[in-house]
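Asker: So that we are looking at the same thing, I have put the structure below in structure tokens.
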Amino acid sequence: MEEELPLFSGDSGKPVQATLSSLKMLDVGKWPIFSLCSEEELQLIRQACVFGSAGNEVLYTTVNDEIFVLGTNCCGCLGLGDDRSTIEPRRLDSLSGKKIASLSYGSGPHIVLATTEGEVFTWGHNAYSQLGNGTINHGLVPCQISTNLSNKQVIEVACGSYHSLVLTSDGEVFAWGYNNSGQVGSGSTVNQPIPRRVTGCLQNKVVVTIACGQMCCMAVVDTGEVYVWGYNGNGQLGLGSSGNQPTPCRVAALQGIRVQRVACGYAHTLVLTDEGQVYAWGANSYGQLGTGNKSNQSYPTPVTVEKDRIIEIAACHSTHTSAAKTQGGHVYMWGQCRGQSVILPHLTHFSCTDDVFACFATPAVSWRLLSVEPDDHLTVAESLKREFDNPDTADLKFLVDGKYIYAHKVLLKIRCEHFRSSLEDNEDDIVEMSEFSYPVYRAFLEYLYTDSISLSPEEAVGLLDLATFYRENRLKKLCQQTIKQGICEENAIALLSAAVKYEAQDLEEFCFRFCINHLTVVTQTSGFAEMDHDLLKNFISKASRVGAFKN
């Protein structure tokens, strides 16, 4: 018998039923504020954000897309139409039917929310026009902000202490609110009461992600460059100075480095590169830069976490805490930790960076909107994944290196042009394969069932060979991504050689750039010593052209 849980739904407030097996719980147990919720209520939460000056306010959505709020309600930040605190969850009816795509909060606090349809709603503290509605009156209920955004789809939002930033689907950035240090990016220090597009250096750039510190802003563009503006008294803009910047300026010290993500603490900044490297700069009085000391840094400084690649960075404008997650699943933290200063990355026992902020940060607030995906039923794609290498349902076996891989003829013919022709009149139920190794061929067949691959970079080179042979261009791109994620000094030359061999130009450029960025170590590896003569000659020539050998 499946356990049934009540879900509060509709105007009646009566519970509807859902089975436990259809839900994936969001683990919010480490956040003190959720101690006010019952076990039944906790099991229904799909998204959550803890905010406020003491982590005493929370907004969460349930499995049936209702929004609830709870807490002290400072400045009406719960959006309920009043400023009364509530110790029990209250439904936010004014946003009924809206699905949250992105949410952020300020210090007042004020809330900025983007829906999955690209609309923007704001409410809460508004003494500096940070709600973007043209007034300085606190907003007790969510108000849609459409001025200069009416034909735009907002996909990401970010808040500083008293200013707001949004990113649209076409890569434009709009800002409003407190502007004493130029954090709105308008070129002045006059507060901005309504959304204004941030232009200047960003005029013809496509922004892909944004972040806000207490009084500064960051934008990463599609080329991997980082643009910054606003307050810079602690060097948090990474420009090598401490002067404020009223318009966007490129972080020149990151020249040649492609940034994928940016995260801002109260007065420090973290970025994550496409090579899985973390750089930090800004305030460091709590060791939040992870550099082993407490000295501020006005230039990007590498943070050594561990040998493994970093896949996620985390910081929040109301805290002095930093966190990162490695490809192997390890979570590290540094900076302010329950009254202590942790000056180097410290390995935690957590499995996600969110728990670092729940347990160690002051206040205990979310650095992002916590989310969990529904797990209602098996889709067609999920069903096919389960059938790969299943001897009970297969009608075809591949014999590779003395081992069998089980498959289904009809799926192979649907998914791959090569099999469409080779299996057309083939009545055999066993196919022997000697051209490729077992791990490579198994990964290829599994890709046809799952659209994904899971291989080491070295094995991905073999799969790249197969993808080239079978003319599977999408698989070729996936192999290149895997190789990029697994590149290191020891295998860089081997991966560069493979990229050249299989005419993977984007991968070749990536591997070459990696080799140049780590030239001293790479040239001391056995791979470099054993490098093909023609490839070595071309490598030296190209490296010379980009100035790698200049003093």
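Glycine is treated like the rest: Cβ placed from N, Cα and C.
Sharing the record's features from TrEMBL:
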- 394-457: domain 'BTB' (DOMAIN)
- 65-116: repeat 'RCC1' (REPEAT)
- 118-170: repeat 'RCC1' (REPEAT)
- 171-223: repeat 'RCC1' (REPEAT)
- 224-275: repeat 'RCC1' (REPEAT)
- 276-327: repeat 'RCC1' (REPEAT)
Asker: Do you know the DSSP helix, strand and coil residue counts for the repeat 'RCC1' (276-327)?
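Answerer: Going through the repeat 'RCC1' (276-327) residue by residue, I get 0 helix, 23 strand, 29 coil.
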Asker: DSSP says what for the repeat 'RCC1' (171-223): how many helix, strand, coil residues?
Answerer: 3 helix, 23 strand, 27 coil
Asker: List the helix, strand and coil residue totals of the repeat 'RCC1' (224-275) as derived from DSSP.
Answerer: 3 helix, 23 strand, 26 coil
Asker: Across the repeat 'RCC1' (171-223), what does the mean pLDDT come to, as a whole number?
Answerer: 97
